[in-house]
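As annotated by Swiss-Prot, active site, proton acceptor applies to H43, E70, with the evidence given as sequence analysis. Positions annotated as active site, proton donor by Swiss-Prot, on the basis of sequence analysis: H191. Per Swiss-Prot, the feature 3-amino-2-oxopropyl phosphate binding site maps to N7, R18, G192, G213, H214. Marked as 1-deoxy-D-xylulose 5-phosphate binding site by Swiss-Prot on the basis of sequence analysis: D9, H10, R45, H50, T100. Annotation source Swiss-Prot lists site 'Transition state stabilizer' at E151, citing sequence analysis.
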Amino acid sequence: MVRLGVNIDHIATLRQARGVDYPDPVEAAMMAIEAGADGITLHLREDRRHIQDDDVRNLKRKLTVPMNLEMATAEDIIQFAEEIKPEHCCLVPEKREELTTEGGLDVAGQQNTLKKVCARLAKVGIEVSLFIDPEEKQIDAAKAAGAPVIEIHTGHYANAKTDHEHNQQLKRIADAAAYADSLGLTVNAGHGLTIHNVQSIAAIPVINELNIGHSIISRGVLIGLAEAVKEMKTLIAGAQ
């Protein structure tokens, strides 16, 4: 069964929009877990635009499922992760001006740096994944960097405008997933996945986990967060 990691960043986005103390990401995480989330994902950005340090601390104390902390390779955030010790860390690229993560890490271009970060996090018991585009050279570089897990960026698939482009991007992801699996890597995926496009990705045989946030939180505004999580879980299960 493909696992569902629910990203709660945009609960914090809603809170930060008013500079108040609600809605509480911890409360949202507990609701998501009750509804069937297999893990909770959150991105501690360098600019702290949504998730704050205390959110991570509070969640780590209360979570009953694994935490997946998305993070850049900034030294202060690496040190914070070493202190908090989430079960998983996903290293992602980051630009201050972006609305959301726009693509995968160039692991091949910064392999030495990433190898050191992977080793540091692994030393304190954190399983590290690298968020990458579905390209063999990036998968090879991730393997060489010592990451046991990759997360395939599904954004180009999600943003495809035509059936041809959709099918082309889906094949890229499926081929990349199979290649990574052949190297012994665990394969996760995420970015831009919704109730309308998740099943084709969930049906890829070697996918271990999907990390989904914005679309679940958005659906939650309309139908309730618990129902939105259950809906996504049902769709993922139906794709197996």
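Just so you know, glycine gets a Cβ as well, placed from its N, Cα and C.
Overlay of Swiss-Prot annotations on the structure.
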residue : record                                      : DSSP class
N7      : 3-amino-2-oxopropyl phosphate binding site  : strand
R18     : 3-amino-2-oxopropyl phosphate binding site  : helix
R45     : 1-deoxy-D-xylulose 5-phosphate binding site : coil
E151    : site 'Transition state stabilizer'          : strand
H191    : active site, proton donor                   : coil
G213    : 3-amino-2-oxopropyl phosphate binding site  : coil
Cα proximity to D9 (1-deoxy-D-xylulose 5-phosphate binding site), best match among recorded positions E151, H191, G213: G213
Where E70 (active site, proton acceptor) sits in the secondary structure, as DSSP reduces it to three classes: strand
Recorded positions: D9, E70, E151 - member with fewest neighbouring CB atoms within 10 Å: D9
H50 (1-deoxy-D-xylulose 5-phosphate binding site) to N7 (3-amino-2-oxopropyl phosphate binding site) - Cα separation in whole Å: 12
Those binding-site residues listed as G192, G213, and which of them has the most Cβ atoms within 10 Å of its own Cβ: G213
Proximal residue to R45 (1-deoxy-D-xylulose 5-phosphate binding site) among recorded positions R18, E70, E151, H191, G213 (C-alpha distance): E70
Rounded inter-Cα distance in Å - E70 (active site, proton acceptor), H43 (active site, proton acceptor): 4
Largest tally of Cβ atoms lying within 10 Å of a Cβ, found at which of the recorded positions H43, H50, H191: H191
